[in-house]
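Swiss-Prot lists T17, K49, L81, R95 with the feature substrate binding site. Here Swiss-Prot flags T17, F18, H25, G96, L97, R98, E106, L131, M132, Y133, I134, S135, S136, T137 as ATP binding site. What Swiss-Prot lists as site 'Transition state stabilizer' is H25, and the listing cites sequence analysis.
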Amino acid sequence: MQMVINEMKQKAIYPGTFDPVTNGHIDIITRASTIFPELIVAVASNKNKRPYLSWESRISLLEESVGHLTGVRVVGFDNLLIDFVLEQNAGIILRGLRAVSDFEYEFQLAGMNRKLSKKVETLFLTPAEHLMYISSTLVREIAALNGDISQFVPPNVVRELKKRQNERSL
């Protein structure tokens, strides 16, 4: 039994909507890839929200952004996170914390996931200091007003958001 638990702890899931993926997300994924032999970046379909980018687009942009990292896989999911984690035989949920304001929600989420399965732990990483203020919401707002988002997101995301802005202005 102990060996199975240890194997599960070798695989982490980093879930999110990634709408769009930011340099803060990439920082956490890059650093986590050096900690865990296997990291699954799990892109939530999140039917309750109206995403700016399609699920397929978000998955594709992430694959392009982290494809060079060893042991990292990008997967979409549309079920309960804890069920997805167990289906993947993972033992760690990795979450990013930007500010104290994120902590309360993340703390509640971690507690709920712990109630749903004692086999899974939640770990938190903070992005690099210069990336802590970046959020997908702020990036979308800046992009919508034709602002320069190149310092906040990977180049492929800049291109995709510009393309979307051009399509909307037609």
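Backbone N, Cα and C define each Cβ position, glycine as well.
Everything Swiss-Prot records as a feature, shown here on the structure.
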| residue | record | Cβ contacts under 8 Å, 6 or more apart |
| --- | --- | --- |
| T17 | substrate binding site | V43, A44, N46, K49, P51, R58, S136 |
| H25 | ATP binding site | G16, F18, G96 |
| L81 | substrate binding site | I13, P15, A42, A44, I93, N113 |
| R95 | substrate binding site | Y14, P15, E106, L109, A110, T122, L123, F124, L125 |
| L97 | ATP binding site | F103, E106, F124, L125, T126 |
| M132 | ATP binding site | G24, R98, A99, T126 |
| I134 | ATP binding site | T22, N23, G24, R98, P127, F152 |
Original post:
In Å, how long is the longest CA to CA span across T17, F18, H25, G96, L97, R98, E106, L131, M132, Y133, I134, S135, S136, T137, which the record gives as the ATP binders?
Top reply: 19
Original post:
Relative to the Cβ position of K49 (substrate binding site), how many further Cβ atoms are located within 10 Å?
Top reply: 10
Original post:
Once the DSSP letters are reduced so that anything not helix or strand counts as coil, what is E106 (ATP binding site)?
Top reply: helix
Subject >> S136 (ATP binding site), number of other Cβ atoms within 10 Å >> reply: 23
